[in-house]
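Report on the structure given below.
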Amino acid sequence: MFQYILEWFKISALFFLCVDCMNGEHAEHPTDSLENIVDQHLAALQDRVDSAKNRLPQIREAVQCLRDILQQLNSQRSSIEEDIHSSFSELHKTLDTRKSVLLMELEVTYGLKQKVLQAQLDTLLQEEAAINYNCSLTGEALDGGNKAVILQTHKDVGERLSDLASQGLPLQPEENDQLDLMMEIEGLRKSIHNLGTIVTTNAVASQTEASGEGLEQCVVGQPATVIITTRDKSGGLCKTGNAIISAEVCTPDGSVADGEIVDHKNGTYEFQYTVKKEGNFSLALRLYDQHIKGSPFQLKVTTNAASTGSSDGGARKRSAKSPGSRSRQKGVRRGGSLFSTPKKKVNPIEDDLIFRIGTKGRNKGEFTNLQGVAACSEGKILIADSNNQCVQIFSNTGEFHSRFGVRGRSPGQLQRPTGVAVHPNGDIIIADYDNKWVSIFSSEGKYKAKLGSGRLMGPKGVSVDQNGHVIVVDNKACTVFIFQPSGKLVTKFGSRGNGDRQFAGPHFAAVNNNNEIIITDFHNHSVKVFNADGEFLLKFGSNGEGNGQFNAPTGVAVDVNGNIIVADWGNSRIQVFDGSGSFLSYINTAADPLYGPQGLALTSDGHVVVADSGNHCFKVYRYLQ
């Protein structure tokens, strides 16, 4: 190709010769041979070709980056689209349920009123008929003029007429006709009109800047502050928050300092960190996993008290702590509240995703709204694949083993399996939310029996205690039922509310070595512990994003030491507590973030398996007990 360019250049040169050179002497300017001129231009052209080619790796890298972003954007769109459909489907169900309740209430109220009024009407009509009949009979006797008939009529009818004339009758209505409907529709319409928000920003890493003393120097043990200002592709200031920013302060040996990110909701973010020892550190600031301008920054940490970082005296809402050693913001449902590094410096649970299995679909190894998770001593993992109406079984290493389940509302069929557990005898126990019962299958997936039919309203999670009893968490009834495997009810406890022995949409259950029952109370943002008789023992957690707080807890498991592992659905993380409910740590999922985790269990080889419902897969993490 280049030889062709050379020949073209030589030929072209002939057409650009100086006219004076062709017609006469070179009186006014220096001259050079055509070969030299060609060689000079050839070298210059070669340099330009090389320079252009040098850009190709950068372009390819940028193309791959854009493709990755487009792929993630498409994935986010699909996921949010599914969330919208799911949320509005639930709203439709709620509205339909309320509609049915109102219609039933109308029929009951109408029936009571109608019964009273109809009974009163029947009484008056009977009295009217009796009076008319007896008056007619007496009138016929009087009109006949027969004295004997008159005497006999007086004897037979006279006293009856007197009773009819003096009898007290319900002449005033004993009920009214009021049946009104009060519907506060306007407020509901306004709420629906503003329901949901698509959260995003136009911020790009290449234009986003950082400033503040904390970029260069800080003092050991004292907080240092960095201000991050997000900007769009043109350099314009972004004026809204919710950008996904991560910050990492590292020493040369790889250790990480504590830090916290605050979203000011105006396009600026404050990163405050504390380093516990002096030395040289690097500060990496990333926006959407890409370094911002100047990142990573080099820090010098000294013991000089004069170099103090600024502190924020204002009362700001701090973002919650992300699972791991990095200060990373993470959106609730991929775009909500923000997270940063926990205050606790030492995290005993390493960031170590072993594997993930699944994509969205209906084939084996694919899931649609996976919910409950169970593990058994035979080295198997069981997944309740809710919207595919089946249970899928895998080995501890992730190999697909089998699946079973037929959609339907008859015994032995599954309509919406949400919870799964394994009985010590090997039977598989499945909570079927829509069929309102719990089904029992053999280890080969053959149907054996059902329990709770007629008692349960919406079973969500199941577990088995040390006595072999089946624990059922009824999400709709806000009650925990305990059955024998035969179906006989042992006991039940709980009601709707926010008291110690009450629940608001409870989800899953686990049993510890003391045979105590641990329940995740979804809408009360807490975990509650009861003894086997249903007596309240303790609770922990509150609504929030900090250490030990929840935004709707779901899955729960207990390790051999009695530590309680909880899936924090709304905060998309997993927290670990001791048996008394004190926060210990996070399971670090930062390498492959969760998206609405549901069921959770410990495998027979000591790992944590979690149903990552929003990502249509389950994940297994190495868990150091």
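Any Cβ shown, glycine's included, is placed from N, Cα and C.
According to TrEMBL, the protein carries these features:
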type	residues	note
SIGNAL	1-21	signal peptide
DOMAIN	41-167	domain 'B-box C-terminal'
COILED	42-83	coiled coil
REPEAT	200-301	repeat 'Filamin'
REGION	304-344	region 'Disordered'
REPEAT	354-397	repeat 'NHL'
REPEAT	401-444	repeat 'NHL'
REPEAT	445-486	repeat 'NHL'
REPEAT	490-533	repeat 'NHL'
REPEAT	537-580	repeat 'NHL'
REPEAT	581-624	repeat 'NHL'
Fill in the blank from the handout: Top stretch by Cβ pairs under 8 Å to the repeat 'NHL' (490-533) (candidates 200-301, 354-397, 401-444, 581-624) is 581-624
Practice task
Residue list, the repeat 'NHL' (354-397) vs rest of chain: Cβ under 8 Å, 6 or more residues beyond ends.
Solution key: 86, 403-407, 413-422, 426, 428, 430-431, 433, 441, 445, 461-462, 508, 555, 592, 598-605, 607, 609-613, 615-622
Handout entry: Same-chain residue ranges lying at least 6 outside the repeat 'NHL' (445-486) that approach it to Cβ under 8 Å
Key = 372, 391, 402-405, 411-412, 418-425, 427-433, 436-439, 492-497, 502-511, 515, 517, 519-520, 522, 530, 532, 534, 599
